[in-house]
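**Q** Following this message is one structure expressed as structure tokens.
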Amino acid sequence: SSKWDEVKADVRKALENYGCFEASFDKLSVELNRSVFEAMEDLFELPIPTKQRNVSSKPFHGYLCHNLYESLGINDANVLEKVNDFTQQLWPDHGNKSISETIHRFSEKLVELDLMVRRMIMESFGIENYIDEHLNSTYYLTRLMKYTSPPDDDDDDDDEETKLGLRSHTDKNIITILHQYQVDGLEVKTKDDKWIKVKPSQDSVLVMVGDSLCALLNGRLHSPYHRVIMTGKKTRYSTGLFSIPKTGVIIDSPEELVDKEHPRIFKPFEYTDF
């Protein structure tokens, strides 16, 4: 439809210029947002030894804790059984039905958005033939993240190291969808090296390009550096949905995106070797 084509053009332009865009997403209802926020408060209040039971065979997929940052990870949280496995790790006797259902519903909605954005991107580059293969080549990781406010924050003190919730990095995966709750802190670096603050909004999310998508599209889109800076006294909660290439998937730019003006930038590679 013409609306689809219009949005598709806007998405591509934003991702070429900034590597990310804010998407207003009405499927995240106020009620669902509140449930996710409450679930995160409950989860992070659990004792550390309990949270450490959130383990995964894949590196960086389970419980992480570093300075101001703490995070739990759930593979394929768009599948209810997988979320039940996660809550079973933390509550071995009976799991936690309501938290499982909340995280599952939330992840399902974000997966819908991820698939729609990736479809738009592939279409906009004229590589529709690869859409199904591409969409089937990934799995999802849902991350629940908590950032504690820095100790004795003095607003005149510009010591960024103590305020760094998460250091500057690009994401290695395909697409990341971030949702901030109430407290900001996320900053994205522009191509001319300026840091932009991303303001949280209840019904919008930030959609961001990862390095693997940048490589797949032969560098046509930009994967931006981003970081979290914590100021003030409030604890910050956020969620991330990451689409990640499955084991064995080779990331290789389609011939259609390689020509004289756009020589091949990346050798084909497997994500796990990246």
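The backbone N, Cα and C atoms fix where each Cβ goes, and this holds for glycine too.
Unlike curated entries, TrEMBL annotations are predicted automatically.
Pulled these from TrEMBL:
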DOMAIN    138-245  domain 'Fe2OG dioxygenase'
**Q** So how many of the residues in the domain 'Fe2OG dioxygenase' (138-245) end up helix, strand or coil by DSSP?
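**A** When I sort the residues of the domain 'Fe2OG dioxygenase' (138-245) into the three classes, I find 10 helix, 50 strand, 48 coil.
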**Q** Considering every residue in the domain 'Fe2OG dioxygenase' (138-245), what is the mean pLDDT value?
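**A** PLDDT averaged over the stretch: 87.
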